[in-house]
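Novice: Take a look at what TrEMBL says about it:
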- 10-205: domain 'YjeF N-terminal' (DOMAIN)
- 58-62, 121-127, ASP148, ALA245, GLY293, HIS335, ASP402: (6S)-NADPHX binding site (BINDING)
- ASN59, ASP117, SER151: K(+) binding site (BINDING)
- 210-458: domain 'YjeF C-terminal' (DOMAIN)
- LYS372, GLY373, ARG374, HIS375, THR376, GLY401: AMP binding site (BINDING)
Amino acid sequence: MRNAHTVEQVRAAEGLLLDALPEGTLMRRAASGLAFAVLDFLGGGYGRRVLLLVGSGDNGGDALYAGAALARRGAGVEALLLGGDTVHRRGLAALLAEGGRVVADVAGAHLPDVVVDGIVGIGGQGGLRPDAVAVVEHLRGVPVVAVDVPSGVDVDTGEVAGPHVEAAVTVTFGTHKIAHLVDPAARACGAVHLVDIGLDLPPAPVLALQASDVAALLPVPDAAGHKYTRGVVGVRAGSAQYPGAGVLCVSGASTGLVGMVRYDGGADALVHACHPEVVVGAGQVQAWVVGSGGGADAAKALARSRADGVPLVVDADGLAAVDGPLDVPALLTPHAGELARMLGVDRAEVEAAPLRHARAAAERFAAVVLLKGRHTLVAEPGGRVAVTTVAPPWLATAGSGDVLAGLCGALLAAGLTPFDAGAVGSWLHGAAAATAGAGGPVTAPDVAAAVPTVCRALLAPSHV
Ligand SMILES: NC(=O)C1=CN([C@@H]2O[C@H](COP(=O)(O)OP(=O)(O)OC[C@H]3O[C@@H](n4cnc5c(N)ncnc54)[C@H](OP(=O)(O)O)[C@@H]3O)[C@@H](O)[C@H]2O)[C@@H](O)CC1
Ligand SMILES: Nc1ncnc2c1ncn2[C@@H]1O[C@H](COP(=O)(O)OP(=O)(O)O)[C@@H](O)[C@H]1O
Ligand SMILES: [K+]
């Protein structure tokens, strides 16, 4: 599991350790991990030119101590102090003692091989300040290693208020922060490298499942069971207008993770032709998937499915009929445009603050909300959020959302909670796209077809 904690949680954990350790221990651990990451990025230290951007706080202190270590390894290290008269004094003394130097500005100077962004970390408020914006703009094109977070992003929300640092690598300490997982800030982090500094932390409000977590949650058949004990998922998706959505939703449901798939939508001839294993017609199910390509019939399909009292996945056209708290366990699967309509806001507002809007929708509709995107968010009422980070951008292709809805429905029918079904389903979906595409394009049917291959790899002994 990759855990992302809030600034408040990190400060509390840091406070406990600070009392127990000699002064400066945590910063030395952080700076030494940072220096190794910069050396790794540069492929060595000797003869390399490093520019430190140093703010007024401990984030700047980390950069200065790391700069001292890099200077000791033969790098030419310069520091631009952006905190006015305030700077981490001992960090600066360490840098100067190793032959580093302070520069007054960067205009006209040769560009360095790497910039170390120690402008601001978890103590940051608001976006980058104008002096820092000008410097960052001037250095655009030079790779940046960010200290803890790229300066200018909001650490606890993943939002960005304006110009901010775009890092090639972010080196963080103790635990991930929410900005490392949640877009748009996550897009500015580059590769995130975590340095263990010994913090003891409580459960994280935001997490990202890793392969071993998904393997542990995957429903596997009981040796003494039969198809009904594995669960039956019902699909009410597709219509005369959008028959393909019904087929794709069924293809996501019918990847072998449940004992049976029923289809009760408006495209039964095509679904039956494409999926002879599917039973056509209404009947008893453990979960319904409603709405993908459902057109005008989606509202009725939702009402019928709710009346059954079983857990639901509600997608696409079905979402328009969700107007208040749901009375059955449910997973809603909007993209940003659909979530914006549900909340009565603009799509751009959702894209700028996906975490805030996914959490707000989870409270408002009393359901788990899976907000699709580059980093898909799965938010449950109460605030816990899973982020799926494994999907390649090729997955943004028509119909792949229908596959996801069916896949999540199968996991619900197999007995997973709506939160786990959303987190595991979106992980399998992203991994299937990566497997099927192997670095190149995929279509929605390719994604569904690759799900069993992904599951097989997860169930191999190395993952269990
Ligand atoms: N916690 C841990 O476990 C460990 C933490 N460690 C490190 O400490 C870092 C946190 O250090 P921190 O608390 O000193 O805060 P930090 O981010 O340097 O900012 C401080 C000052 O910046 C200023 N400022 C504010 N907003 C700004 C802006 N937008 N743009 C520019 N300046 C801005 C503001 O001062 P002001 O200018 O307003 O007076 C504020 O007081 C953390 O990220 C990690 O790197 C590791 O060493 C070890 C383990
Ligand atoms: N940039 C991206 N990187 C990775 N995955 C993406 C990206 N953009 C969209 N996706 C994924 O592509 C899928 C598209 O779903 P959706 O918009 O519902 O398509 P459709 O309605 O055509 O089925 C979602 O699973 C979403 O998370
Ligand atoms: K920083």
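The first residue you see is number 1, and the count goes up from there.
Cβ coordinates come from backbone N, Cα and C, glycine included.
How buried are these features, and what lies next to them?
Specialist: Of all Cβ atoms in the shown protein chains, 7 besides its own fall within 10 Å of the Cβ of GLN125 ((6S)-NADPHX binding site).
DSSP assigns ASN59 (K(+) binding site) to a helix. Every protein chain shown contributes to the tally, and the Cβ of ASN59 (K(+) binding site) ends up with 26 other Cβ atoms within 10 Å.
A 10 Å cutoff on Cβ-Cβ distances gives ARG374 (AMP binding site) a total of 17 other Cβ atoms nearby, all chains included.
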Novice: Taking the recorded AMP site as LYS372, GLY373, ARG374, HIS375, THR376, GLY401, identify the other residues of that chain whose CB atom sits within 8 Å of the mean position of the site's CB atoms, giving them in sequence order.
Specialist: HIS335, LEU371, LEU377, THR388, ALA391, SER426
Novice: For GLY401 (AMP binding site), write down the residues of its own chain that are at least 6 apart in sequence and whose Cβ falls under 8 Å from its Cβ; none is a fine answer.
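Specialist: Non-local contacts for GLY401 (AMP binding site): SER292, ASP315, ALA316, THR333, HIS335, LYS372.
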Novice: List the residues in the vicinity of the K(+) site, defined as same-chain residues other than ASN59, ASP117, SER151 with C-beta within 8 angstroms of the site's C-beta centre.
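Specialist: Filtered neighbour residues, in order: LEU53, GLY55, GLY60, ALA63, GLY118, ILE119, VAL120, GLY121, GLY124, ALA146, VAL147, ASP148, VAL149, PRO150, VAL165.
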Novice: Closest to GLN125 ((6S)-NADPHX binding site): which of the binding-site residues ASP117, SER151, GLY373, ARG374, HIS375, going by Cα position?
Specialist: SER151
Novice: Taking ligand 1 as the reference, state which of the binding-site residues ASP58, ASP148, GLY401 have a Cβ closer than 6 Å to one of its atoms.
Specialist: ASP58, ASP148
Novice: Who sits close to ASP148 ((6S)-NADPHX binding site): which same-chain residues at least 6 apart have their Cβ under 8 Å from its Cβ?
Specialist: ASN59, ASP62, GLY121, ILE122, THR170, VAL171, THR172, PHE173, LYS177
